[in-house]
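Scroll down for the structure; my scribbles are underneath it.
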Amino acid sequence: MPSGCRCLHLVCLLCILAAPVKPVRADDCSSHCDLAHGCCAPDGSCRCDPGWEGLHCERCVRMPGCQHGTCHQPWQCICHSGWAGKFCDKDEHVCTTQSPCRNGGQCIYDGGGEYHCVCPPGFHGRDCERKEGPCEQAGSPCRNGGQCQDDQGFALNYTCRCLAGFVGAHCEVNVDDCLMRPCANGATCLDGINRFSCLCPEGFAGRFCTINLDDCASRPCQRGARCRDRVHDFDCLCPSGYGGKTCELVLPVPDPATTADIPPGPTLAVVVPATGPIPHSAGAGLLRISVKEVVRRQEAGLGKSSLVAVVVFGAVTATLVLSTVLLTLRAWRRGVCPPGPCCYPAPHYAPARQDQECQVSMLPAGLPLPPDLPPEPGKTTAL
């Protein structure tokens, strides 16, 4: 150990070992360092023990937060006169120096730096700072956790500060979070407090039920068939020779002798009953058909020839109707009567009333002319 250092603690020993060694006079440190609370370092300075401070390690460290106090040992807080409390932060003369009670309240000292206020009528609070305003008079009118505000009682009316998800004068209305219809694909929206949830139908998932579940994820199709996902369903595109929902069925192989003349594509076979006299053979008495009479209907609907026939028939019908209407209108404008007993193409005038205007009326069929207006051949006037 270097000369001139007398250490009484293990901490100081570690300090000495870590410090660089240099020659120091023995009386440079020991003469002024408080060796009860520290030790001399090789550089001649005092190294204080934990809880002590100062140039010579002569001062203890107070409790953190101690305001008006001192210590005799480390981490103490001994209050000065007139102060109290754990941190010596409470004034024992609080009611005499400057009363904390407001609005005319009376301060009562309880000892240990504590006090209480006796408030006048109409006021309350620790320091009589609150007035019995609209909130107190209404008796906590705000609902669903709302906070009543009346400017500490000095406002004329109160207001309710509502929590998220509620509205109204007293926070009594729960906001309908399903009003905007956030759930998709026919899902049911369940309203909550400032939130909603979607009850998804089968085949959908997600917060808004927008995810179509993959029904092909479990690989339901057999025989190596390709799966096509649908809404809560799937289709299997089966290879040739297989059928069924999951291609689990093996289709029978058709007889080439009976299907050689059948065109490709899906067909519907219908057996046509025989008509006319039926030849009988001796013994059996059954119908003998050498060639099967089969009618096959393609699924494509009308053929091209049938569609053309329908269009031509419609055009001819429309032309005939239009021609008949035009001819009838033309004959009516020229005064030509069609064959029939109810039309008189030209009016008749009496000889004595020629060159005068007359009202023309149509006579019923078979009605004779008046005797004073006999018809005069060659004396007619066209309309």
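Using the three backbone atoms N, Cα and C, a Cβ is placed for every residue, glycine included.
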What is the disulfide partner of Cys160 among Cys142, Cys178, as given in Swiss-Prot?
-> Cys142
Quick one: Swiss-Prot says Cys48 makes a disulfide with which of Cys40, Cys57?
-> Cys57
Cys178, Cys200 - which one Swiss-Prot pairs with Cys189 by disulfide | Cys178
Counting other Cβ atoms within 10 Å of each Cβ, which of the disulfide-bonded residues Cys142, Cys221, Cys227 scores lowest?
-> Cys227
Spatial neighbours of Cys117 (disulfide bond) that are distant in sequence (at least 6 apart) but have CB under 8 A | Pro100, Cys101, Arg102, Gly105, Gln106, Cys107, Ile108, Arg126, Asp127, Cys128
Does DSSP give Cys107 (disulfide bond) helix, strand or coil?
-> strand
Could you state the CA-to-CA distance between Cys189 (disulfide bond) and Cys66 (disulfide bond) to the nearest Å?
-> 59
Of Cys48, Cys57, Cys171, Cys183, Cys227, the disulfide-bonded residues lying within 10 angstroms (C-alpha) of Cys200 (disulfide bond) are Cys183
Integer Å value for the Cα distance linking Cys48 (disulfide bond) with Cys221 (disulfide bond) is 83
